[in-house]
2 protein chains.
Amino acid sequence: MRSATLIQKEFPVPLNAPIVADLDEKSLLALIFPRLGADTALLGPGDDAAVIAAPDSRTVISIDTLVQDADFRLLWPSGYRTTGFDVGWKCVAQNVSDIRAMGAVPTSLVVSLTLPGSTEVKWVEDLADGLAAGISALASEQCSVVGGDLGRGSQIVVTAAVTGDLEGRAPVLRSGARPGNVLAHIGALGLAAGGLAVLESSFDMSDPGGAGDQELAGLVMAQCRPRLPRTGAGPDAAAAGATAMLDVSDGLVRDAGRIARASGVGIDLDAGYLRTRAASLAPAAVRLGADPLSWVLGGGEDHGLLAAFPPDAVLPEGFVRIGAVHDGEGVTFGGQAPPATGWDHFAG
Amino acid sequence: MRSATLIQKEFPVPLNAPIVADLDEKSLLALIFPRLGADTALLGPGDDAAVIAAPDSRTVISIDTLVQDADFRLLWPSGYRTTGFDVGWKCVAQNVSDIRAMGAVPTSLVVSLTLPGSTEVKWVEDLADGLAAGISALASEQCSVVGGDLGRGSQIVVTAAVTGDLEGRAPVLRSGARPGNVLAHIGALGLAAGGLAVLESSFDMSDPGGAGDQELAGLVMAQCRPRLPRTGAGPDAAAAGATAMLDVSDGLVRDAGRIARASGVGIDLDAGYLRTRAASLAPAAVRLGADPLSWVLGGGEDHGLLAAFPPDAVLPEGFVRIGAVHDGEGVTFGGQAPPATGWDHFAG
């Protein structure tokens, strides 16, 4: 008999749909693993630990977490319901992006799921599908989920650790930018922030795949299922001589500031170019009463790559010059204080 | 002004003590990282990802999570308050144990912390101290925290991914046990289960370090800060020819069953020896109205190592014969059905 206290308002489960509390760990794993596709490890899931290849005798590693009600809501004010697929995809995107930002190629993920008993089993299956689709689209055929952990909690928490292969290259740090370098970027700017604004708005997004508002639905997808730059972008930047690189997860100004601080340099962002980028978001921003430039400069979660290159470097395909590195400190916008900065996802 | 709703009954924070909500991510990280000790990575914390050495061109990897109210309580019925140190130590213990069970040596951890805003900053500092102490005692000088992630949530969730080095050896799987093998074990059996029983009891454990009940306090420590077998136990077992190995995290019968199933064999546990082990716990168990044999056979979280060896193998120091592998299936106890099994930490 299902306890009424397990039913959350945010997560209406059809009356006879199985929920996580109905299953033991083994049964739930048996539903998840077949959805993850072939594993690419030397030793995949099922033992105490997995074994992955590290061809150049180094492994790049990072960890990142998505928490319900902090990083996503199951039900947004706009009526959009975050799917398991969204969370699985986004988990891959934000993790893989950190590996690419070192100039490396993703090789594996281990994933820990903390789930309330009231979570619909189908939502968890969708999450597995989102992980698989995200890996297929954003990582490579050499990457897979090689292990995991399941536990119970009062909120959905999805943590992945991701590994990568530098393929013999030196990692590209944040600290190598030098005065005279070109600052370049590849990927979306401001779309995920726009999507967050739509999700938090009163526009009806309860059926984003329907025939409704495609402009706003596109922004919602950029927030919930971010598309990363092409898979070769990070390694290509490393090969082209990038002196510093990171993925823009907390906003362009804030993340440029991290390169400036780590490298002991100043960075001036190209105001003309970034205003043009903002102009393309203006129609949607006007409808939301928002400033598109604040999305471009301060919005996080787009996971584009921001890199510094020597002045004579040929920028890899897709990278666009968006600023210059100079002797000094801090980040300016056309020589002035930036009109918007980024966000601290932890503060508050 | 601190919101009254942030104050949890389980977690009474002194009125002027700083809590997590008072700090931004950077400030909290600045408190945590100096406590973690020297990092041993090729590239440690501070960039998008870390880079660790993989000397034999392979990396062992696993992930494990501790969730408040599922894996530990901040305040137990006995009055014991789980410290940050406990959680940090246990996080290391359960992760490192998975690496050792492959016959590998731990090389790094990446740690993700999800924290309620009401968490006292000192508790988080204690957690960092527990991570450092756990690594120092249970891993090696070649292991450290090389990266992490901080986020906010309604419960404390601590996830670590851990890596290991096989030092050129083949990993010891669960699937290689053969009829005629000796089943051997090293480590505690039933202590952590006894500790859980004490924590859930009405014995007063509010001051376990005091002059009070040392017998019960010892069990509490085995639950909250498990001591693992000596650091060389896993690699030594691999070198001695172990055909199968795992760490006993969910109970001896349940975990022996995993070797039996993966290897396609039957396992008979030595009833005489295990009754002797249970007898040493009887004084405490009697006081709690519990059956010590159920602790020994069904209790999890001791993180000893259970391994099968060829009949002519010399058991490495500390390993004790506790059973035999035979043609068949399942787990028996002196030829009979076991009087207790393990637990599914996910079900319920």
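Just so it is clear, glycine is given a Cβ too, placed from its N, Cα and C backbone atoms.
Annotated features in TrEMBL:
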BINDING   B:Asp48, B:Asp98, B:Asp247  Mg(2+) 3 binding site
BINDING   B:Asp48, B:Ser62, B:Asp98  Mg(2+) 4 binding site
BINDING   B:Asp64, B:Asp149  Mg(2+) 1 binding site
BINDING   B:Asp64, B:Asp98  Mg(2+) 2 binding site
BINDING   B:Asp71, B:Glu301, B:Trp343  substrate binding site
BINDING   B:Gly148, B:Asp149, B:Arg174, B:Ser249  ATP binding site
BINDING   B:Asp250  Mg(2+) 5 binding site
DOMAIN    B:46-164  domain 'PurM-like N-terminal'
DOMAIN    B:178-277  domain 'PurM-like C-terminal'
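Overlay of TrEMBL feature records on the structure.
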{"residue": "B:Asp48", "record": "Mg(2+) 3 binding site", "contacts (Cβ under 8 Å, 6+ apart)": "none"}
{"residue": "B:Ser62", "record": "Mg(2+) 4 binding site", "contacts (Cβ under 8 Å, 6+ apart)": "B:Asn95, B:Asp98, B:Ile99, B:Ala161, B:Val162"}
{"residue": "B:Asp64", "record": "Mg(2+) 1 binding site", "contacts (Cβ under 8 Å, 6+ apart)": "B:Cys91, B:Gln94, B:Asn95, B:Asp98, B:Thr159, B:Ala160, B:Val162"}
{"residue": "B:Asp149", "record": "Mg(2+) 1 binding site", "contacts (Cβ under 8 Å, 6+ apart)": "B:Val110, B:Val111, B:Ser112, B:Leu113"}
{"residue": "B:Asp247", "record": "Mg(2+) 3 binding site", "contacts (Cβ under 8 Å, 6+ apart)": "B:Ser97, B:Asp98, B:Arg100, B:Ala101, B:Asp255, B:His303, B:Gly304, B:Leu305, B:Leu306"}
{"residue": "B:Ser249", "record": "ATP binding site", "contacts (Cβ under 8 Å, 6+ apart)": "B:Gln94, B:Ser97, B:Asp255, B:Gly300, B:Glu301, B:His303"}
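Taking the C-alpha positions, the distance from B:Arg174 (ATP binding site) to B:Asp250 (Mg(2+) 5 binding site) comes to 15 Å. In this structure, the CA atom of B:Asp71 (substrate binding site) is 21 Å away from the CA atom of B:Gly148 (ATP binding site).
For the domain 'PurM-like C-terminal' (B:178-277), DSSP puts the residue distribution at 46 helix, 14 strand, 40 coil. In the structure as shown, the Cβ atom of B:Asp98 (Mg(2+) 3 binding site) sits within 10 Å of 28 other Cβ atoms. Remark: B:Gly148 (ATP binding site) has B:Leu29, B:Ile32, B:Pro45, B:Val110, B:Val111, B:Ser112, B:Leu113 as non-local neighbours, by Cβ distance under 8 Å and separation of at least 6 in sequence. Summarised as a single figure, the pLDDT of the domain 'PurM-like C-terminal' (B:178-277) averages 95. Secondary structure counts, DSSP: the domain 'PurM-like N-terminal' (B:46-164) has 35 helix, 48 strand, 36 coil.
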